[in-house]
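Let me begin by presenting the structure, written as structure tokens, before commenting on it.
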Amino acid sequence: MVSRLLILLYALVSYALFTVSFLYALGFVGNYVVPNSIDKSIDVGSTATLNEAIILNLLLMGLFAVQHSVMARPAFKRWSAQFLAPACQRSTYVLLSSLILILLFWQWRPIPTVIWRTDGPAAFLLTSVHWLGWLIAFASTHMIDHFDLFGVRQAFVAWRGAKIPGQSFRTPLLYKIVRHPIMLGFLLAFWATPVMTLGHLLFALANTAYILVALQFEERDLIAEFGATYQDYRRRVPMLLPRLFARRQTKGAPR
Ligand SMILES: C[S@@+](CC[C@H](N)C(=O)[O-])C[C@H]1O[C@@H](n2cnc3c(N)ncnc32)[C@H](O)[C@@H]1O
């Protein structure tokens, strides 16, 4: 009973830390109100030489990418099951991801050279798309199962003494338009900015490359888990870019 309560507490603390790091990410990427005492965002903070900034920033993003991808693989989950209860596996993943994000926010070195700067309607449009991206990403977590993604459900189920159910496959709402709306949301939030600096461009480019590679691994696991169901979904629904026009029905094709 005590250990189940501790697991629940651990899951709630991990989720709280994720919430803080996600909220800080909004301020970090968009250069919005980050606390004056911290004064750190993608374009604000202590500077370094160009080479130092590129290397350090790439290392920080690389650390996040490796942790995020390695810990998500079924082989890693099987291995870590030797010393981590299934009920706290996802929370540990969330906790470490959040800690690495906080390290990234803290140690990030801005590169302030401006690549593009807009104002007026163009700036308004880019800012709107930026916020739409965050909204899509956050809403999409609720479409598949927000509390399962962040490890809270598993801890609650274990606390009640029930068996943790396996992963379920869902395709509601935005998942009918693209297979990866959370990642699409992130891409919009990272690229749509009224002022693009070299540091921000490095962040957007590296994360785009990471997302494209990570999705290959994720889909390979989804095919292994859901087989023909996921293969069929892959044929019907595009990966990241919505089809603007439905394909014309071929003449004589069965309806
Ligand atoms: C961070 S989420 C990203 C989901 C998806 N790639 C996206 O961008 O919307 C990763 C987790 O979602 C799961 N997942 C991806 N597509 C799913 C779906 N259609 N239904 C249920 N789980 C899904 C993956 O197995 C993985 O555990």
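Cβ atoms here come from the backbone N, Cα and C positions, even for glycine.
Straight from TrEMBL, the features:
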type	residues	note
TRANSMEM	7-34	transmembrane segment
TRANSMEM	54-72	transmembrane segment
DOMAIN	59-202	domain 'NnrU'
TRANSMEM	131-152	transmembrane segment
| Which residues, given as numbers and ranges, are at least 6 beyond the ends of the transmembrane segment (54-72) yet have a Cβ under 8 Å from it? | 48, 80, 92-93, 96-97, 100-101, 103-104, 107-109, 111, 199, 202-203, 206-207, 210, 213-214, 217-218, 221
| message | When secondary structure is assigned with DSSP, how many helix, strand and coil residues does the domain 'NnrU' (59-202) contain? | response | 98 helix, 7 strand, 39 coil
| Taking all residues of the domain 'NnrU' (59-202) together, what is their mean pLDDT? | 94
